[in-house]
Amino acid sequence: MINTTSRRKIEHLKLCAESPVEARQVSAGFEDVTLIHRALPELNMDELDLSVDFLGKRIKAPFLIASITGGHPDTIPVNAALAAAAEELGVGIGVGSQRAAIDDPSQEDSFRVVRDEAPDAFVYGNVGAAQIRQYGVEGVEKLIEMIDADALAIHLNFLQEAVQPEGDRDATGCLDMITEICSQIKTPVIVKETGAGISREDAILFQKAGVSAIDVGGAGGTSWAGVEVYRAKESRDSVSERLGELFWDFGIPTVASLIESRVSLPLIATGGIRNGLDIAKSIALGASAASAALPFVGPSLEGKESVVRVLSCMLEEFKAAMFLCGCGNIKDLHNSPVVVTGWTREYLEQRGFNVKDLSLPGNAL
């Protein structure tokens, strides 16, 4: 029998594949970011080095296929396609929340298939902050072992939990548990927002807690509050529907969140990454890697080759952006100046950041 968590996972996958679930009136902010064009790059585009060391593992490009799904039998071919594409192109990949496999161990194969199809890739596990108090360190270690994970993402989806009728709305004690997990396990821990962004205040807390990386998961991409609107309509839950509509675009946009989160930790830029230029802008703004989920949902339902086609295009766009900025490797792009204008600049200046420093050589706030 399929449990509630497993059923919800397949509902989420279908909604993301078939319904408009992206932000409506808020943007990730990449239109406010201008890379500095070098008219004479003095580089051979075919010889650029896109590879990077990320949390102890070398990947061929600074990109991760973000957590999408798992926990239902129908998700096995989806995760297999995603993982096989990641393995072929040498990028990283995350699994969806492994909660369903804790509730029902028969669902483990829907997650384990990722490591089976991507034996050499950077693979991260995934569990919600609301669940780690229940699972404890021992339970978290089981999730890591399940997929031989290179890292574990603890996702922060309290916006979705607040909207979801069956959501877990108790966030007390999560930071202490994150701190305990970081001190007890050897595997790197990533704290991952899921669409509402990370503030400066929280980035500092996570750094003190001992996490290894922060995935900013900013507003401007998939809205999980929006996803829950469709579920609420289906169940005729008018309160949850109203909450989801109101908070559809809530949160800190991705670009602003990247700047907010610039502490001495690797950053992952997620939220509205839709092309290689977005990836390049993210790296120039300080991210160690970028990631996306929604662009691969539809292709993953078609199979590996469709995922490879979409991802290859994004990576070629990324390479072109590096070339046109005169950057031969990722370190060069990290130090490449950028100009931030518009709403994003206004927001960041009101938050106390001097964005003009980003436009200077060295690109340091």
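In case you wondered, yes, glycine gets a Cβ from its N, Cα and C as well.
For ARG8, LYS9, SER97, GLN98, ARG99, GLN160, the entry in Swiss-Prot reads substrate binding site, with the evidence type sequence analysis. Residues annotated as FMN binding site in Swiss-Prot: SER67, ILE68, THR69, SER97, ASN126, LYS192, THR222, GLY272, ILE273, ARG274, ALA293, LEU294. Among the features that Swiss-Prot reports, Mg(2+) binding site is placed at GLU161.
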In sequence order, the binding-site residues (LYS9, SER97, GLN98, ARG99, GLN160, GLU161) whose C-alpha falls within 10 A of ASN126 (FMN binding site): SER97, GLN98, ARG99
Packing count at the residue listed as 'Mg(2+) binding site' (other Cβ atoms within 10 Å of its Cβ): 19
Neighbour-count leader, CB within 10 A, binding-site residues: ILE273, ALA293: ILE273
DSSP-derived structure type at THR222 (FMN binding site), helix or strand or else coil: strand
Same-chain residues at least 6 apart in sequence whose Cβ lies under 8 Å from SER97 (substrate binding site): LYS9, SER67, GLY70, GLY71, ASN126, VAL127, GLY128, HIS155
GLN98 (substrate binding site) versus ALA293 (FMN binding site) - Cα distance in angstrom: 17
Top Cα neighbour of ARG99 (substrate binding site) in the set of binding-site residues THR69, GLU161, THR222, ILE273: THR69
